[in-house]
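> Quick one: the structure is below, questions incoming.
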Amino acid sequence: QSATTCSSKPYSAQQVRAAANAACQYYQSNDTAGSTTYPHTYHNYEGFDFAVNGPYQEYPIRTSGVYSGGSPGADRVIINTQCQFAGAITHTGASGNQFVGCSNT
């Protein structure tokens, strides 16, 4: 995982990795963050050309710490069900409930 910028919000490679690792741990233990539904299936309706094959899971990424519940914000990391990092996406700048890619996605 590399650093990325979602809209104008930069994330370090470490922040991206932390979110992807949390998503993987929750997914593998069939658990979620707090009382939320994250991680959950990401259907890729937008048609992103990820470097790894799906199926995919989405999980919120934070600038401080790792998401553990509450408001997810606009930004997500995407992993596949083998816990391979696929990319980072954001609702910011997208219409409706869709996503656009962050830098490097």
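Don't overthink the numbers, they just go from 1 along the chain as shown.
Keep in mind that glycine also has a Cβ here, set from the backbone N, Cα and C atoms.
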> Can you tell which of CYS83, CYS102 Swiss-Prot lists as bonded to CYS24 through a disulfide?
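Answer per the record: CYS83.
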> For HIS91 (active site, proton donor), what is the tally of other C-beta atoms lying within 10 angstroms of its C-beta?
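Excluding its own Cβ, the number within 10 Å is 18.
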> Could you say which of the disulfide-bonded residues CYS83, CYS102 has its Cβ with the most other Cβ atoms inside 10 Å?
CYS102
> Using DSSP reduced to three states, classify CYS24 (disulfide bond) as helix, strand or coil.
helix
